[in-house]
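What TrEMBL records for 1-118 is domain 'Response regulatory'. Annotated domain 'Histidine kinase' per TrEMBL: 154-369, in sequence order. Look at TrEMBL and you will find Asp50 tagged as 4-aspartylphosphate.
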Amino acid sequence: MILIVDDTPENLISLKKVLEKYNFEVDTASSGEEALKKVLKNSYVLIILDVQMPGMDGFEVAEAISGYSKAKETAIIFLSAANTEFRFIAKGYSSGGLDYITKPVDMNILLLKVQTFYRIYEQNRKLNEMQKSLLEEIEFRKEAERKKDEFISIASHELKTPLTSVKGYVQLLERSVDKGDTITVKKHLGKAQVQLEKLNSLIADLLDISKIESGKLKFNKQEFCIDELIDNVIDVMHQSSPEFKIIKEGNTKCKVYGDEMRIEQVVINFLTNAIKYSPGTSEIKLSCNIKGDGLFLSVKDYGIGMSEDQLKNVFEKFYRVEETSQRFQGLGIGLYIASEIIKRHGGEIGVNSTYGQGSEFYFIIPLKFNQDFDEL
Ligand code: ADP
């Protein structure tokens, strides 16, 4: 848009008409003060500025404008009837003008200049925008790279912990076997088994991530009984964390169409997190009901919870709540995988949480076969 600043209404009107005839969008101001207000509010590509005006003159306006960040890329052309001497022209250029045209104005020449400056400034503006978005993109890459490095270091650490334990138990086993102490052998075997399970599930998660990245996460969908799945999962969780009571609410008595193992993986992820992030508590609620034509399942804990800010990102890859990441082990990928699984079932995943009071993770998936979300 072009801003014409002139205290003579006839000049404003005639110039506006000519420019509009050539499809320029034009705004006007009849004083320097009004021009400054408009420049603060709007973005102009070009300002055609009369030099002699009561109140602020054109030079003062140009100098004030040069301090506005908003008008950094705005071109200024001065128009002057009286001040045609070189020192005025020089002042015009030094106060930020691109050109200094003396009146009477040859409209054809002014138009040519306006068209040229407009084109140059428009191109310049576009180049700046492009540069800005390129810089942002580079930053975003850099950030992704940093996250990846951080992830590799956390993942190596997470994998090393159970591996070190297994090594320790195997050494102990050797000694107990030598002594012929079968009871201790069984105890150490059981502990090594738990650590191997951890290792197995960490590796499975890592493999899932790379399958998601390469679009190779496959689903084997068929009808299954969700109530049975929940009862089994509760049993398994009870064996590994007997201190927690998982209260099941609701009974759907219906079949769900989906990949049973993957849905089980999501429920286990919700429950494992509910236990992990709720130290000092001993109860978790698992609800399951039919909502419309979908299955709703939620896991509610009474643990550390999350603030509004923290829970915004929980389904993002590698995200872990910074404040608590030192206290709890994890890779920050479980919920990302869960959200991919639910999305690929045509469902929705979400969380409600209150900082210090607990969280409720849930998903809804359509009960019926849905061709759009069936695997190719
Ligand atoms: P991980 O637990 O391995 O870090 P997840 O993807 O399962 O990875 O969870 C991502 C983050 O979400 C966790 O690091 C934690 O900060 C937060 N979170 C997940 N579940 C809960 C929960 N039940 N209560 C509080 N915070 C949770």
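Note that Cβ sites are derived from N, Cα and C of the backbone, with glycine treated the same way.
As a summary of secondary structure, the domain 'Response regulatory' (1-118) carries 56 helix, 23 strand, 39 coil according to DSSP. Its Cβ taken as reference, the residue listed as '4-aspartylphosphate' is surrounded by 26 other Cβ atoms within 10 Å in the chains shown.
When pLDDT values are averaged over the domain 'Histidine kinase' (154-369), the model yields 93.
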